[in-house]
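Below is one structure, written out as structure tokens; comments come after it.
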Amino acid sequence: MIELGVNIDHVATVRQARRTYEPDPVVAAALAEQGGADGITFHLREDRRHIQDRDVDVLMQTVTVKTNFELACADDVVAIACHAKPDWGLLVPESREEVTTEGGLDVINDKGRIAKAIARLKDAGILTSLFIDPEPAQVEAAAKLGVDAVELHTGPYALAKHDARQVELSRLVACGQATQSANMRLHAGHGLNYTNVRDVAMIPAMVELNIGHSIVSRAVMVGMREAVAEMRRILDLVA
Ligand SMILES: CC(=O)[C@@H](O)[C@H](O)COP(=O)(O)O
Ligand SMILES: NCC(=O)COP(=O)(O)O
């Protein structure tokens, strides 16, 4: 069965639009659990544009499923993660100008900084994952750093149309094989939604999908519990 990680970042985006107290991502996480989430994902960005330090503190006290803390390789945020002790730490690239995460980590050319963050997370007893573009060389570089999982960036797949989407899907399948061969867990995420998720969920060896923006968007219309339950039903039909 595919594990569904629900990313609640964009519940916090709505709250931060007025710098107020609602909607609370902590409440959203509890509703996501009721809807069938296997994990709760949250991204404490350096610019704090959505998830706040308070959210991390309270989520770690209230979430009863797997916690997946997304973070950049920044010393101060790594320290927060090591103190919070989530089940997983997913290292992602960040840049202040981006609208959303644009690409995967360049593990090949930034291994020193990434390895340092991995070591600190591991020392804190946190399972580690790297958010990477679906490139075999990046998978190989991640395996050499001894991480527990890689999360393949599905943004290009989600944006592609028709033949181009099949090309992106083939890239993901090839990297899934490389990930399995390297004995790492295969995760995927970014831009997945209720219509494009099936083909990614069906990739052999796929273990976990992290989905946020499309679920939060649906939750605006039907509520978080039902939005998650709808995605759960789709995934349960697939694998
Ligand atoms: C890494 C990824 O694709 C998301 O988990 C990330 O959180 C997206 O960044 P925003 O939530 O800031 O859009
Ligand atoms: N790591 C991907 C994630 O957590 C959710 O990304 P998105 O569905 O909000 O694009």
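Using the three backbone atoms N, Cα and C, a Cβ is placed for every residue, glycine included.
TrEMBL names Arg18, Gly191, Gly212, His213 as 3-amino-2-oxopropyl phosphate ligands; from the candidate set Asn7, Asn183, the record adds Asn7 to that same site.
Binding of 1-deoxy-D-xylulose 5-phosphate is attributed by TrEMBL to Asp9, His10, Arg45, His50, and within the candidate set Thr64, Thr67, Thr100 the record adds Thr100 to that site. Taking Arg18, Glu151, Gly191 as the candidate recorded positions, the subset whose CB lies under 6 angstroms from any atom of ligand 1 is empty. By the criterion of other Cβ atoms within 10 Å of the residue's own Cβ, the least surrounded of the binding-site residues Gly191, Gly212 is Gly191. In this structure, the recorded positions His10, Arg18, His43, Arg45, His190 were compared by how many other Cβ atoms lie within 10 Å of their Cβ, and the smallest count belongs to Arg18.
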